[in-house]
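Just passing along the structure, written as structure tokens.
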């Protein structure tokens, strides 16, 4: 297996849908409830580069492993459930500190999952289904509760992270570009999330390669040793 050129890590509390997001993107399916033990990863080829995507466990007993998985990460996806405000709070309280081992120019995406369970998500789904002439009245999407976390809350957290990392907003992608609402169940915005990050990570790969010291020897500047009268090299 070829060594990954870069690494992306998903962090977040248990049951926010990290594994489902990753499997929706990589396997194009929505899995039954699966709890990740420790960590698991996929390898994604993007253009000519290999990017590893790590899924981490949200359970408290595996919390310490997150720092290990984040080591050297080029991007971190901080995931919460739009229906549970505490899951957003946990990102700052429990998970942000784990990112200290990531690369110094690490990118952060704030992702609110399970938007399909909200009032807005239900209405969007209902509009699509009403286009079907075979849809019975009893099959309509039932009303859902309003979101507990708004996109503006995610933007506020993103700006807090920049302060925590002592980063200037002008030197990083805008909050509006890095805050997403997704549904692993329907696939809403899942491709957009991952592919936005891939496109942002590729220039970082190129920069790292350019900064690596060259191991090539310039033989054109190499001069042969001078010989002494005894015939030995000086």
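Glycine residues also receive a Cβ, built from the backbone N, Cα and C atoms like all the rest.
According to Swiss-Prot, the record shows the following:
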{"type": "BINDING", "residues": "17, 18, 19, 32, 36, 58, 113, 114, 116, 184, 185", "note": "GTP binding site"}
{"type": "BINDING", "residues": "19, 36, 55", "note": "Mg(2+) binding site"}
{"type": "REGION", "residues": "125-144", "note": "region 'Disordered'"}
{"type": "REGION", "residues": "212-234", "note": "region 'Disordered'"}
{"type": "COMPBIAS", "residues": "223-234", "note": "compositional bias 'Basic residues'"}
{"type": "LIPID", "residues": "232", "note": "S-geranylgeranyl cysteine"}
{"type": "LIPID", "residues": "233", "note": "S-geranylgeranyl cysteine"}
So which binding-site residues are near residue 55 (Mg(2+) binding site), with CA atoms within 10 Å, out of 19, 113, 116, 185?
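If one measures from the Cα of residue 55 (Mg(2+) binding site), the binding-site residues that come within 10 Å are 19.
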For residue 113 (GTP binding site), what is the tally of other C-beta atoms lying within 10 angstroms of its C-beta?
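Residue 113 (GTP binding site): 30 neighbouring Cβ atoms within 10 Å.
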Which state, by DSSP, holds residue 19 (GTP binding site): helix, strand or coil?
helix
Would you identify the secondary structure of residue 116 (GTP binding site) according to DSSP, in three states?
helix
Name the secondary structure element type, per DSSP in three states, that contains residue 185 (GTP binding site).
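Residue 185 (GTP binding site) sits in coil per DSSP, no helix or strand.
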Other than its own, how many Cβ atoms are within 10 Å of the Cβ belonging to residue 55 (Mg(2+) binding site)?
24
